[in-house]
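Features as listed in TrEMBL:
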- 41-289: domain 'G-protein coupled receptors family 1 profile' (DOMAIN)
- 25-47: transmembrane segment (TRANSMEM)
- 59-78: transmembrane segment (TRANSMEM)
- 98-120: transmembrane segment (TRANSMEM)
- 140-164: transmembrane segment (TRANSMEM)
- 200-221: transmembrane segment (TRANSMEM)
- 242-261: transmembrane segment (TRANSMEM)
- 273-291: transmembrane segment (TRANSMEM)
Amino acid sequence: MEPSNYTRVTEFVLTGLSQTREVQLVLFAIFLSFYLVILPGNILIICTIRLDPHLTSPMYFLLANLAFLDIWYSSITAPKMLVDFFVERKTISFGGCIAQLFFLHFVGASEMFLLTVMAFDRYAAICRPLHYATIMNRHLCCILVALSWIGGFIHSIIQVALIVPLPFCGPNELDSYFCDITQVVRIACANTFPEELVMIFSSGLISVVCFIALLMSYAFLLAMLKKHSGSGESTKRAMSTCYSHITIVVLMFGPSIYIYARPFDSFSLDKVVSVFHTVIFPLLNPIIYTLRNKEVKTAMRKLVNIM
């Protein structure tokens, strides 16, 4: 039951990553350097795919969308985290907290659905090569990307709809550097077991199911390649692409499963996993893919030389 007489919390206090000034400065330098180096790299990937006439395959169209989502995803938490390293009292308004939570789940879930679309794209390319251009036409690609965004929006709205009605009457301290359902639910002045159960099912179980399904699909594709395609150059490229996708899937779903597929209790590794999940891995994902793709690397060199 919601208390009938309480003072509603208007802001949350964030504990941040560290309380030690020296450690905060070191972390600021590390994360700022990483963000300023990798972020332009992802932007370069998008520009390369958009401008190079040879990178018109649906695979590259989906990669550009992945890079865009990863830039957005990491930018939801990273800028405020960097600013908060120089602020003694780290706060975020209730509305700002809900907005951060909404966009985090909106973009994160959209990316998970997009990774599923990318797995389907590889299936069509490897198992139906003669019909690939017909199956994965630009119109269908746009529809699948739009459905990924719509799915992410619906998922995020569910999280927000569960959080907003909860009573928050104090304490208002979140043991993190950003707002997420796992921290906000803990400090609500009510029994949140039903809401927590729905959130675990919505975020955690879906992550586990998608993760297992994607790993199984890529295992099937790799088995198909090894069995039927021999050791030609095209086979090596296809296998390299699959390995890149598997790496991205592990980096994206692993931390998500750790954070959401369990009761929302506090553990010592939570902050470390959250940093990798919200800042580092998203920016690295397109880079990992690009490092294993000769066509994109060649096109990027040409674009840089022109610039």
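Every residue number used here counts from 1 along the chain in the order it is shown.
The backbone N, Cα and C atoms fix where each Cβ goes, and this holds for glycine too.
Across 25-47, 98-120, 242-261, the stretch most heavily in contact with the transmembrane segment (59-78), judged by Cβ pairs under 8 Å, is 98-120.
Panel annotation: around the transmembrane segment (98-120), residues 59, 62-63, 65-66, 69-70, 72-73, 76-77, 80, 92, 144-145, 147-149, 151-153, 155-157, 159-160, 163-164, 178-181, 184, 203, 206-207, 210, 213-214, 217-218, 245, 248-249, 252-253, 256, 278, 282 of the same chain, lying at least six beyond its termini, place a Cβ under 8 Å from a Cβ of the stretch. Residues 17, 31, 34-35, 38-39, 41-42, 45, 63, 66-67, 69-71, 73-74, 76-78, 81, 104, 111, 176-178, 180, 241, 244-245, 247-248, 251-252, 255-256, 258-259, 297, 300 of the same chain sit 6 or more residues outside the transmembrane segment (273-291) yet have a Cβ under 8 Å from a Cβ within it. Tertiary proximity for the transmembrane segment (242-261) is limited to same-chain residues at least six positions away from its ends with a CB under 8 Å from its CB atoms, namely 66, 108, 111-112, 115, 118-119, 122, 180-182, 199-200, 203-205, 207-208, 210-211, 214-215, 218, 221-222, 225, 269-270, 273-274, 276-277, 281-282, 284-285, 288-289, 292-293.
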